[in-house]
Amino acid sequence: MLVALALIWSAAQLPILVPAAGFAVLLVTRILLGAGEGPGVPLGMHVAFTWVDERKRGFTAALLTVGSGLGVILGAPLLNAAVHAWGWRAAFGILGGIGLLWCVAWLAIGGDGPHAVTSPAAPVTQPRVPYRRLLTSGTWLGTVLSGFTVYRGLALAIAFRPLYLAAVGFGGGIIGLVVTVPAFVSIAFMLLGGGLSQRLLRRGVSRHLAQGVLGGAFALVAGISMLLVTRIDAPWLLLPFIALAFGIGNSQTPLSQAAVADTTPTRQRGAVLGTWYAVVAVAGVVSPLLTGILVDAAATPLEGFGRAFDIAGLLMVVGGLVTMLVVRPDRDAERHGLRSASPVAVATT
């Protein structure tokens, strides 16, 4: 399935190489690209989890999430050089070619791991749980809420952060730095959070603490930092809070994915993770629209940005607190009949 998705998003790049390809071709290929990329992350996460013990899922998810961020950080300068050398269409050809090479490599060395449902080492007694129960558990709902609020903040950053910084009075060079730093903060805390969660689980700490409380704390800190961004006037003091507001919140994502995986039967994990991503991704559509409305309705753009940032911060605070309270993977795994897959006693939650 991963190969099929990779072929779709790779093939979607290549028609742009044709000089006669215009806006209509660009529009259709972007739709195909989205269709290929959309299920890619949850499906890739599902496959990655077949290669590791359940206590290592948090750090594994962190590595995969960091990989996508590094792709942007490392790939952007290279693609920019290619565009300057050969024109903008070359970037699409390069990405499409890399995707096809990945397909060849995956067919040669990739595949499901020893914990896949088809593997002899996989659990064979896991029951099939109604999706209604899986998608209404405290773990699923709590992680979706925090994920939605954090993703809303990230979408706000992508669409409006440079405009806000310019309205505050930052110059172009500083804006570039401020936009880049949160990406490195995000990578650092994702690896730190995934590693810490794995270490806690090895020591017998409950998943409620190692995934729910820890993940919710990341969203909570991001929300508080976002609220402080609009209340600090000194630029030198504003920068670290911007880095935390837009960088640390996404560190809850790998822990949320691990928590959801821990409460879902292996055969149903891909669908449940995919649904999780689909709901969370709606924030990427809603956030820019609502922010634009707030900015247009305000007396000044800076006032509108301030309101948008405050709303985003409050939502992350609420999402983080709810996650810390209701995300209890050990309890939900027991309720779903997966008690053998959750070695930490529910009483510890």
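Placement of Cβ uses the backbone N, Cα and C atoms for every residue, glycine included.
According to TrEMBL, the protein carries these features:
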DOMAIN    1-331  domain 'Major facilitator superfamily (MFS) profile'
TRANSMEM  59-79  transmembrane segment
TRANSMEM  91-111  transmembrane segment
TRANSMEM  131-151  transmembrane segment
TRANSMEM  163-189  transmembrane segment
TRANSMEM  209-229  transmembrane segment
TRANSMEM  275-295  transmembrane segment
TRANSMEM  307-327  transmembrane segment
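A contact links the transmembrane segment (163-189) to the transmembrane segment (59-79), because at least 3 Cβ pairs that are 6 or more residues apart lie under 8 A. Contact between the transmembrane segment (275-295) and the transmembrane segment (131-151) is supported: at least 3 Cβ pairs lie under 8 Å, counting only residues 6 or more apart in sequence.
A Cβ distance under 8 Å defines the sequence-distant neighbours of the transmembrane segment (59-79), meaning residues of its chain 6+ beyond its ends; these are 41, 44-45, 48-49, 51-52, 91, 94-95, 183, 186-187, 190-191, 193-195, 197-198, 250-251, 253-255, 257-258. Taking Cβ pairs closer than 8 Å, the transmembrane segment (209-229) reaches residues 58, 139, 142-143, 146, 149-150, 153, 189, 193, 196-197, 200-201, 238, 241-242, 244-252, 255-256, 258-259, 262, 309-310, 312-329, 349 in its own chain, all 6 or more past its ends. Over the domain 'Major facilitator superfamily (MFS) profile' (1-331) the predicted model carries a mean pLDDT of 87.
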